[in-house]
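K.L.:
Feature table excerpt (TrEMBL):
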type	residues	note
TRANSMEM	12-30	transmembrane segment
TRANSMEM	42-63	transmembrane segment
TRANSMEM	75-96	transmembrane segment
TRANSMEM	108-130	transmembrane segment
TRANSMEM	245-267	transmembrane segment
TRANSMEM	273-296	transmembrane segment
TRANSMEM	308-325	transmembrane segment
TRANSMEM	337-361	transmembrane segment
COILED	364-391	coiled coil
Amino acid sequence: MTIREALGGPWAAHWLVLVAFLPPTTLLVILRESATPYPEWWWPLVSAGAQHLVTGAVILLGARIARARHDIVPLPTVLAIWTLGAVLRGVVAGVLAEQVAGVDGQILIRSAIWVLVSLVWVPPVVYAIAQFERRRLILGAIDITEFELDRARPRADASSAEVQRQLRIAIAESLAPALHDLQGSLDASRTRFDRGAVAELSLRVSKLHDEAADLLESAREAPSHPPRAVASLRRALDVPPRRPWVAALLVGSGTIALIVFDAWIIFGSLAALEVAISTAAAAIVIGAVPAAVGVVNPEVLQKSGQRITGLAALLGVFVATVLMLNSGIDPITWHGLVLLPLLALGLTIATATATAALLLADANLDAERRLTALQGELHALYERNAALMQRERERLSDLMHGPVQGRIAACIMALNFHAASDATPEQGRDLADSVLEHLRAVSRDLAKITGAASVTAP
């Protein structure tokens, strides 16, 4: 999956992405509007909801229009749609601040900050989600291919005699019950073998003939239950950390872009500096933990990648919390308390996003190569098995042509002739006896051909 396919695909403006952005953007709006003198405490929530609704409507509508012309939306178009949504966020927030709180809306500043946050956060989040969904599909395809390989390999290793035996058993298991039922019905209706009964019996025998032909055209296999077509969430995310310092850089830059400008505007330069230092320290921890584990014990990193990534994120949030509340860079402690929830959420989301964007992209390339190799092996096995099966079907068809299919065809001709003529009851009974004898002979011949002891006349 290329960057264009990921960012211009269905996740570029999916409603689930908008829902995912709702909690952090709401916290960001609450933080930002804490400096706006709204008459009621709930006005920041109203502002957050209005911004999200307007932005979501514009993004979904813009994406729908773009997809009417492009299967994969061009990157400039995607960025333009999200930039427009960010500008409208600033406009809605500024208008509400002016009309409700009676202060300068600072629309340009608000819009500029939202544009920066969107350009920093939207591409990696969309890319990570697209790679995650791609990985679930690839892993599901690998599971199904391996399942089919497990079924195809024994057939490829089977000898011609074994394939012939399987075909004969399938024929016997399918035709014998129908033959027995047909003979029983015919034996019970010998005394009232009128034209209607003859026509009905002719249809049933014709159906039996068709079933025999169909069985020779295709091999019946035992029912199977393939695995899920889409891998589980946990399995898709179970990827050992790679390039931890690059992930740490993305985590730090994304979180700083999310918070530091509002911290500066609302609480001043010292609060912004405290946020930047705390975020940088947390990012160093988030990168150092998997890097250290990879040096000390690479096997643990391979087996427990999810746990180590989660532990690194928790330690990073802990370090950021300690610094925000105890560093003394900003002497007003409650500033740190206000900023801390958004900082913790930003670090967590940034860690998950950076990890997914980096790791899943690499893992998907490896998985796609593996899937291609497995599918090539499966295709070769299918061709080999199909050739062997066709050869053995033709051999079995030659064996069944006269004793089984020929006798059944003779029964059909006799029944059709009798149904079209005015025959006496005595002639009907004679015909029934003749057909019954032919069907019993078919059962005996079928038993000889298939070697199935259960195929006997009733």
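Cβ atoms here come from the backbone N, Cα and C positions, even for glycine.
Where the annotation comes from TrEMBL, it is an automatic prediction and has not been curated.
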K.L.:
Which one of these stretches, 42-63, 108-130, 337-361, has the most C-beta pairs shorter than 8 Å to the transmembrane segment (75-96)?
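P.N.:
It is 108-130, which has the most Cβ pairs under 8 Å.
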K.L.:
Should the transmembrane segment (108-130) and the transmembrane segment (245-267) be scored as in contact, given a threshold of at least 3 Cβ pairs under 8 Å and pairs 6 or more apart?
P.N.:
yes
K.L.:
Against which stretches of its own chain does the transmembrane segment (337-361) lie, if we need a Cβ under 8 Å and a gap of at least six residues from its ends?
P.N.:
1, 23-24, 27-28, 31, 34, 121, 124-125, 127-129, 131-132, 134-135, 236-237, 239-243, 246-248, 250-252, 254-255, 258-259, 263, 267, 271, 275, 278-279, 282, 286, 305, 309, 312-313, 316-317, 320-321, 324-325
K.L.:
For the coiled coil (364-391), provide the mean pLDDT of the predicted model.
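P.N.:
The predicted confidence over the coiled coil (364-391), as a mean pLDDT, is 85.
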